(Lines of atoms letter the chains of each structure in order from A and count residues from 1; the text may use other names and numbers.)
(Lines give C-alpha, C1' and ligand atoms only; values in the text may rest on other atoms or scores of the structure.)
Protein backbone atom coordinates (compact mmCIF):
# COMPACT_ATOMS: atom_id res chain seq x y z
CA UNK A 1 0.00 0.00 0.00
CA UNK A 2 1.38 3.38 -0.95
CA UNK A 3 1.51 6.23 1.55
CA UNK A 4 -0.08 9.63 1.02
CA UNK A 5 0.91 12.74 2.97
CA UNK A 6 -2.19 14.92 3.07
CA UNK A 7 -2.54 18.70 3.27
CA UNK A 8 -1.27 20.43 6.39
CA UNK A 9 -3.45 22.59 8.65
CA UNK A 10 -4.49 25.84 7.04
CA UNK A 11 -3.36 25.00 3.51
CA UNK A 12 -5.35 24.49 0.34
CA UNK A 13 -4.18 21.91 -2.18
CA UNK A 14 -5.71 20.18 -5.18
CA UNK A 15 -6.69 16.59 -4.46
CA UNK A 16 -6.68 14.07 -7.26
CA UNK A 17 -8.58 11.45 -5.36
CA UNK A 18 -7.10 8.34 -6.92
CA UNK A 19 -3.51 9.12 -7.87
CA UNK A 20 -2.13 6.20 -5.92
CA UNK A 21 -5.03 3.79 -5.50
CA UNK A 22 -4.99 1.30 -8.34
CA UNK A 23 -4.57 -2.12 -6.71
CA UNK A 24 -7.16 -4.32 -5.01
CA UNK A 25 -7.32 -6.73 -2.10
CA UNK A 26 -9.28 -9.97 -1.98
CA UNK A 27 -11.59 -8.64 0.75
CA UNK A 28 -12.26 -5.26 -0.83
CA UNK A 29 -10.95 -2.69 -3.26
CA UNK A 30 -8.56 -0.08 -1.92
CA UNK A 31 -9.93 3.41 -2.36
CA UNK A 32 -9.34 6.85 -0.88
CA UNK A 33 -10.87 8.35 2.23
CA UNK A 34 -10.97 11.93 3.46
CA UNK A 35 -10.77 12.70 7.18
CA UNK A 36 -12.46 15.80 8.57
CA UNK A 37 -11.10 16.90 11.97
CA UNK A 38 -13.27 18.87 14.44
CA UNK A 39 -14.40 22.36 13.43
CA UNK A 40 -13.97 25.46 15.56
CA UNK A 41 -14.00 29.04 14.29
CA UNK A 42 -12.05 30.14 12.29
CA UNK A 43 -11.11 26.59 11.17
CA UNK A 44 -13.75 24.75 9.13
CA UNK A 45 -12.30 21.57 7.54
CA UNK A 46 -13.90 21.02 4.13
CA UNK A 47 -13.49 19.96 0.53
CA UNK A 48 -14.52 22.45 -2.16
CA UNK A 49 -15.20 21.20 -5.66
CA UNK A 50 -13.35 22.86 -8.52
CA UNK A 51 -15.99 23.97 -11.02
CA UNK A 52 -19.75 23.67 -10.67
CA UNK A 53 -22.68 21.37 -11.37
CA UNK A 54 -24.84 21.47 -14.51
CA UNK A 55 -28.60 21.98 -14.44
CA UNK A 56 -30.12 18.84 -12.92
CA UNK A 57 -33.66 17.42 -12.95
CA UNK A 58 -32.73 14.06 -11.45
CA UNK A 59 -29.97 13.02 -9.08
CA UNK A 60 -28.49 10.11 -7.21
CA UNK A 61 -25.90 11.02 -4.58
CA UNK A 62 -24.10 8.13 -2.87
CA UNK A 63 -21.19 7.95 -0.45
CA UNK A 64 -19.55 5.96 2.33
CA UNK A 65 -19.05 7.78 5.62
CA UNK A 66 -17.89 7.13 9.17
CA UNK A 67 -18.88 9.36 12.09
CA UNK A 68 -16.44 10.04 14.93
CA UNK A 69 -18.92 12.05 17.01
CA UNK A 70 -22.64 12.69 16.66
CA UNK A 71 -23.23 15.61 19.01
CA UNK A 72 -25.07 17.86 16.57
CA UNK A 73 -26.20 17.99 12.93
CA UNK A 74 -23.54 16.71 10.53
CA UNK A 75 -23.43 18.12 6.99
CA UNK A 76 -22.17 15.82 4.25
CA UNK A 77 -22.95 17.64 0.99
CA UNK A 78 -23.80 21.31 0.46
CA UNK A 79 -24.51 22.88 -2.94
CA UNK A 80 -25.34 26.59 -2.91
CA UNK A 81 -26.11 29.06 -5.65
CA UNK A 82 -26.35 32.83 -5.55
CA UNK A 83 -30.15 32.52 -5.42
CA UNK A 84 -30.50 29.57 -3.04
CA UNK A 85 -28.34 28.55 -0.09
CA UNK A 86 -29.92 25.07 0.05
CA UNK A 87 -30.00 24.10 -3.61
CA UNK A 88 -28.97 20.60 -2.52
CA UNK A 89 -28.11 19.75 1.09
CA UNK A 90 -27.72 16.40 2.86
CA UNK A 91 -27.16 16.02 6.59
CA UNK A 92 -27.55 13.72 9.60
CA UNK A 93 -28.97 14.92 12.91
CA UNK A 94 -27.74 13.68 16.28
CA UNK A 95 -30.88 11.57 16.81
CA UNK A 96 -29.93 9.59 13.69
CA UNK A 97 -32.43 10.97 11.14
CA UNK A 98 -31.22 11.89 7.66
CA UNK A 99 -32.23 15.13 5.95
CA UNK A 100 -32.24 16.19 2.30
CA UNK A 101 -33.08 19.70 1.07
CA UNK A 102 -33.72 20.26 -2.64
CA UNK A 103 -34.00 23.79 -4.06
CA UNK A 104 -34.94 25.18 -0.66
CA UNK A 105 -38.18 23.16 -0.64
CA UNK A 106 -39.46 21.62 2.62
CA UNK A 107 -36.84 19.09 3.59
CA UNK A 108 -37.18 15.34 3.44
CA UNK A 109 -36.52 13.86 6.89
CA UNK A 110 -36.35 10.09 7.31
CA UNK A 111 -35.56 7.61 10.05
CA UNK A 112 -33.60 4.65 8.75
CA UNK A 113 -33.86 1.01 9.86
CA UNK A 114 -30.09 0.71 10.15
CA UNK A 115 -28.78 2.62 13.15
CA UNK A 116 -25.72 4.77 12.52
CA UNK A 117 -22.87 3.44 14.64
CA UNK A 118 -19.99 5.66 15.73
CA UNK A 119 -16.72 4.51 14.16
CA UNK A 120 -18.36 2.24 11.56
CA UNK A 121 -18.57 2.75 7.80
CA UNK A 122 -22.09 3.19 6.39
CA UNK A 123 -23.25 3.56 2.79
CA UNK A 124 -25.88 6.23 2.04
CA UNK A 125 -27.75 7.06 -1.18
CA UNK A 126 -30.09 10.01 -1.84
CA UNK A 127 -32.26 10.16 -4.96
CA UNK A 128 -34.57 12.84 -6.31
CA UNK A 129 -36.57 13.32 -9.51
CA UNK A 130 -38.18 16.57 -10.56
CA UNK A 131 -40.95 14.84 -12.53
CA UNK A 132 -43.02 13.80 -9.50
CA UNK A 133 -40.83 15.28 -6.82
CA UNK A 134 -39.99 11.79 -5.61
CA UNK A 135 -37.15 11.72 -3.08
CA UNK A 136 -35.62 8.74 -1.28
CA UNK A 137 -32.83 8.05 1.18
CA UNK A 138 -31.32 4.63 1.77
CA UNK A 139 -28.69 3.38 4.21
CA UNK A 140 -26.60 0.23 3.75
CA UNK A 141 -28.83 -0.92 0.90
CA UNK A 142 -32.17 -0.45 2.72
CA UNK A 143 -34.79 2.24 2.06
CA UNK A 144 -35.56 4.52 4.99
CA UNK A 145 -39.04 5.31 6.27
CA UNK A 146 -40.47 8.63 5.18
CA UNK A 147 -39.42 8.67 1.51
CA UNK A 148 -41.78 11.09 -0.19
CA UNK A 149 -43.23 12.65 -3.33
CA UNK A 150 -43.88 16.31 -4.00
CA UNK A 151 -40.36 17.41 -3.04
CA UNK A 152 -39.36 20.29 -5.37
CA UNK A 153 -41.63 18.91 -8.12
CA UNK A 154 -41.05 20.51 -11.52
CA UNK A 155 -37.88 22.23 -10.34
CA UNK A 156 -34.47 22.28 -12.03
CA UNK A 157 -31.41 22.47 -9.82
CA UNK A 158 -29.41 25.39 -11.17
CA UNK A 159 -25.88 25.35 -12.48
CA UNK A 160 -23.25 27.85 -11.39
CA UNK A 161 -23.14 27.13 -7.66
CA UNK A 162 -20.49 25.73 -5.32
CA UNK A 163 -20.19 22.21 -3.87
CA UNK A 164 -18.72 21.91 -0.36
CA UNK A 165 -18.25 18.61 1.48
CA UNK A 166 -18.21 18.53 5.28
CA UNK A 167 -19.70 21.99 5.98
CA UNK A 168 -23.04 23.71 5.43
CA UNK A 169 -22.85 26.96 3.46
CA UNK A 170 -25.17 29.77 4.51
CA UNK A 171 -23.73 31.82 1.66
CA UNK A 172 -21.79 30.63 -1.37
CA UNK A 173 -18.46 29.41 0.01
CA UNK A 174 -18.95 30.89 3.47
CA UNK A 175 -20.85 31.43 6.72
CA UNK A 176 -19.98 27.99 8.08
CA UNK A 177 -21.17 26.76 11.48
CA UNK A 178 -19.09 24.36 13.60
CA UNK A 179 -22.34 22.86 14.95
CA UNK A 180 -23.30 21.76 11.41
CA UNK A 181 -19.99 20.24 10.32
CA UNK A 182 -18.82 16.69 9.67
CA UNK A 183 -16.37 15.19 12.14
CA UNK A 184 -15.45 11.87 10.61
CA UNK A 185 -14.45 10.29 7.31
CA UNK A 186 -15.88 10.25 3.80
CA UNK A 187 -15.19 8.03 0.79
CA UNK A 188 -16.55 7.06 -2.64
CA UNK A 189 -18.84 10.07 -3.04
CA UNK A 190 -20.44 10.01 -6.49
CA UNK A 191 -23.22 12.03 -8.13
CA UNK A 192 -25.31 11.04 -11.16
CA UNK A 193 -27.79 13.02 -13.25
CA UNK A 194 -30.25 10.14 -13.14
CA UNK A 195 -32.00 8.02 -10.52
CA UNK A 196 -30.25 4.69 -10.00
CA UNK A 197 -32.48 1.69 -9.43
CA UNK A 198 -32.59 -0.31 -6.20
CA UNK A 199 -30.37 -3.11 -7.51
CA UNK A 200 -27.67 -0.67 -8.60
CA UNK A 201 -27.75 0.99 -5.18
CA UNK A 202 -27.56 -2.38 -3.42
CA UNK A 203 -24.45 -3.27 -5.44
CA UNK A 204 -22.84 0.00 -4.42
CA UNK A 205 -23.55 -0.70 -0.75
CA UNK A 206 -22.07 -4.20 -0.72
CA UNK A 207 -18.51 -5.43 -0.45
CA UNK A 208 -18.91 -7.20 -3.75
CA UNK A 209 -16.51 -7.58 -6.64
CA UNK A 210 -15.47 -4.08 -7.78
CA UNK A 211 -17.15 -4.59 -11.16
CA UNK A 212 -20.46 -4.99 -9.32
CA UNK A 213 -19.96 -2.50 -6.51
CA UNK A 214 -18.52 0.44 -8.40
CA UNK A 215 -20.79 2.37 -10.71
CA UNK A 216 -19.02 5.69 -11.03
CA UNK A 217 -20.86 9.00 -10.99
CA UNK A 218 -21.14 10.89 -14.27
CA UNK A 219 -21.36 14.32 -12.60
CA UNK A 220 -19.06 13.84 -9.60
CA UNK A 221 -16.68 10.88 -9.78
CA UNK A 222 -14.69 10.28 -6.61
CA UNK A 223 -11.54 9.11 -8.36
CA UNK A 224 -11.46 11.93 -10.94
CA UNK A 225 -13.33 15.03 -9.79
CA UNK A 226 -11.01 17.78 -8.56
CA UNK A 227 -11.38 19.32 -5.09
CA UNK A 228 -9.53 21.77 -2.88
CA UNK A 229 -8.91 20.86 0.77
CA UNK A 230 -8.97 23.40 3.60
CA UNK A 231 -8.19 23.54 7.31
CA UNK A 232 -6.58 20.19 7.99
CA UNK A 233 -8.54 17.78 5.81
CA UNK A 234 -6.38 14.70 5.15
CA UNK A 235 -6.55 12.19 2.28
CA UNK A 236 -5.30 8.62 2.78
CA UNK A 237 -5.80 5.06 1.46
CA UNK A 238 -8.84 3.23 2.74
CA UNK A 239 -10.18 -0.32 2.58
CA UNK A 240 -13.91 0.09 3.16
CA UNK A 241 -14.63 -3.61 2.95
CA UNK A 242 -11.51 -4.96 4.68
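Heads up, the Cβ atoms here are built off N, Cα and C, so glycines get one too.
What Swiss-Prot records for 1-24 is signal peptide, and it gives experimental evidence as the kind of evidence. According to Swiss-Prot, the domain 'Pentraxin (PTX)' annotation covers 30-241, on the basis of sequence analysis. If you look up Swiss-Prot, you'll see 60, 63 marked as phosphocholine binding site, on the strength of sequence analysis. The disulfide bond annotation in Swiss-Prot covers 62-125, 112-144, 207-241. Marked as Ca(2+) 1 binding site by Swiss-Prot: 85, 86, 168, 169, 170. Look at Swiss-Prot and you will find 147 tagged as N-linked glycosylation site, backed by experimental evidence. Residues or ranges marked as Ca(2+) 2 binding site in Swiss-Prot (evidence: sequence analysis): 168, 170, 180.
Summary: among the binding-site residues (85, 168, 170), the fewest other C-beta atoms within 10 A of the C-beta are counted at 170.
In the three-state DSSP scheme, residue 180 (Ca(2+) 2 binding site) is classed as helix. Close to residue 86 (Ca(2+) 1 binding site) in the fold, though at least 6 residues off in sequence, lie 80, 101, 103, 104, each with a CB less than 8 Å from its CB. Neighbours of residue 60 (phosphocholine binding site) among the recorded positions 85, 144, 169, 170, defined as a Cα within 10 Å of its Cα, are absent: none qualifies. Comparing residue 62 (disulfide bond) with residue 168 (Ca(2+) 1 binding site), their Cα atoms are 18 Å apart once rounded. A C-beta separation below 8 Å, combined with a sequence spacing of at least six in one chain, links residue 147 (N-linked glycosylation site) to 108, 110, 134, 135, 136, 137. Per-residue pLDDT, averaged along the domain 'Pentraxin (PTX)' (30-241), amounts to 88 for this model.
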